[in-house]
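Undergrad: Below you will find the structure I want to go over with you.
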Amino acid sequence: MFGRVAVLLGGTSAEREVSLLSGRNVLEVLRVRGVDAQSVDGVPALAQALVERRFDRVFNVLHGHNGGGEDGVVQGLMQAFGVPYTGSDVLGSALSMDKVRTKQVWLALGLPTPRYASLSVCATAVEVRQAVEMLGFPVIIKPAKEGSSVGVSRVFALEHLEEAVALAARYEGELLMEQLIEGDELTVSILDEMALPSIRIVPQGQWYDYNAKYLAEDTQYVCPGLDDVAEAEIARLALAAFRAVGCRGWGRVDVMRERGSGRFFLLEVNTAPGMTTHSLVPKAASQLGMGFDDLVWRILEQTL
């Protein structure tokens with residue numbers, strides 16, 4: 001039914017290790033189910049395989065950009081060769097990878113997202129100070145095109161600002177300085193134009209950083225994360241945010257719920273989310289009785 005399937009993983013982005021874990025999990029499921037599947041590490045290897053016509057479709061779990069699989073580059077490559085693939089197309093992938101442009105689209109459509117300022121990696125101390133004065137502490141500083149909390153800092157005082165900017169500036173592209181919303185962090189997985197139950201994330205540390213996402217064993221995940229009324233509201237918001245930036249197939253929308261007001265604020269969209277044992281899309285799917293194997297199968301079926 002599927003022919004020869006490439007599981008695209010690894011790459012050279014800052015999220016390589018997570019992608020390798022995701023890809024191995026997906027590959028194991030496909031092989032157990034009798035699919036002729038092979039792993040392909042990175043975009044150059046995929047390009048060579050496509051030239052040689054070695055695969056009929058691609059399951060993309062290549063995370064990140066600049067050697068990753070979420071910035072539209074590899075999607076354009078696959079479309080050029082006429083090979084179907086999982087996840088969002090060129091536009092949805094490229095736009096979602098850029099957190100600044102994503103926020104601009106959401107704001108233009110009246111969708112709620114934290115106040116922000118964009119900065120170049122060469123921003124002067126004066127420009128950084130002006131951005132902070134506009135937003136007010138606390139803020140989050142992050143690379144505009146990275147995921148998995150790579151290069152992200154929470155800043156509560158002026159003396160920590162320079163260090164946070166320097167960390168984010170190690171990565172390619174603009175920096176995003178964003179108003180820090182205090183409250184519950186939630187995520188809504190999208191599968192086949194349907195919002196899965198939200199997950200409320202309860203890290204044991206101060207926040208949901210890289211360690212809490214992929215290494216810690218004590219991070220708690222509450223699913224569904226909200227009461228029925230709020231659950232319906234966040235599902236509508238997540239679907240609207242996903243569609244606004246042209247995404248399709250499957251993905252994940254990260255949201256904050258402000259303490260006190262209960263208001264939701266959109267953070268970002270992930271178009272090739274993790275598929276590790278700690279990953280959130282499999283956790284949400286399991287709440288509906290869908291095991292990891294069935295989830296992988298549903299995603300691959302989107303290429304037919």
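Each residue's number is its place along the chain shown, starting with 1.
Quick reminder: no glycine exception, Cβ is built from N, Cα and C everywhere.
Sharing the record's features from Swiss-Prot:
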- 132-187: ATP binding site (BINDING)
- ASP254, GLU268: Mg(2+) 1 binding site (BINDING)
- GLU268, ASN270: Mg(2+) 2 binding site (BINDING)
- 103-301: domain 'ATP-grasp' (DOMAIN)
Undergrad: Give me the Cα-Cα distance between VAL132 (ATP binding site) and ASN270 (Mg(2+) 2 binding site), rounded to a whole Å.
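TA: So the Cα of ASN270 (Mg(2+) 2 binding site) lies 27 Å away from that of VAL132 (ATP binding site).
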Undergrad: Round to the nearest Å and give the CA-to-CA distance linking ILE181 (ATP binding site) with ASP254 (Mg(2+) 1 binding site).
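TA: One finds 13 Å between the Cα atoms of these residues.
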Undergrad: So among GLU146, HIS160, LEU167, GLU174, all listed as binding-site residues, which is physically nearest to GLU268 (Mg(2+) 1 binding site)? Use the C-alpha atoms.
TA: GLU146
Undergrad: Any idea which of the binding-site residues GLU146, GLU268 has the thinnest Cβ neighbourhood at 10 Å?
TA: GLU268
Undergrad: Could you give the Cα-Cα distance between GLU174 (ATP binding site) and ASP254 (Mg(2+) 1 binding site), in whole Å?
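TA: If we compare the Cα positions of GLU174 (ATP binding site) and ASP254 (Mg(2+) 1 binding site), the gap is 20 Å.
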Undergrad: Listing them in sequence order, which of the binding-site residues VAL139, GLU146, SER153, HIS160, LEU167, ASN270 have their Cα within 10 Å of that of ASP254 (Mg(2+) 1 binding site)?
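TA: The binding-site residues passing the 10 Å Cα test are ASN270.
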Undergrad: Over the domain 'ATP-grasp' (103-301), work out the mean pLDDT and round it to an integer.
TA: 90
Undergrad: Tell me the Cα distance separating ASN270 (Mg(2+) 2 binding site) from HIS160 (ATP binding site), rounded to the nearest angstrom.
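TA: Computed Cα spacing between HIS160 (ATP binding site) and ASN270 (Mg(2+) 2 binding site) is 28 Å.
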Undergrad: When you measure from the Cβ of VAL139 (ATP binding site), which residues in the chain that are at least 6 apart have a Cβ under 8 Å away?
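TA: The answer is VAL132, ARG154, VAL155, MET177, GLU178, GLN179, LEU180.
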Undergrad: Taking the Cβ of GLU174 (ATP binding site) as the centre, how many other Cβ atoms fall within a 10 Å radius?
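TA: The answer is 19.
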Undergrad: In which DSSP state, out of helix, strand and coil, do we find GLU268 (Mg(2+) 1 binding site)?
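TA: For GLU268 (Mg(2+) 1 binding site) - judged by DSSP and reduced to three states - the answer is strand.
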Undergrad: At the Cα level, what's the spacing in Å between ASN270 (Mg(2+) 2 binding site) and LEU167 (ATP binding site), rounded?
TA: 22
Undergrad: Minimum Cβ neighbour count within 10 Å among the binding-site residues SER153, ASN270: which residue?
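TA: Ranked by other Cβ atoms within 10 Å, the binding-site residues SER153, ASN270 bottom out at SER153.
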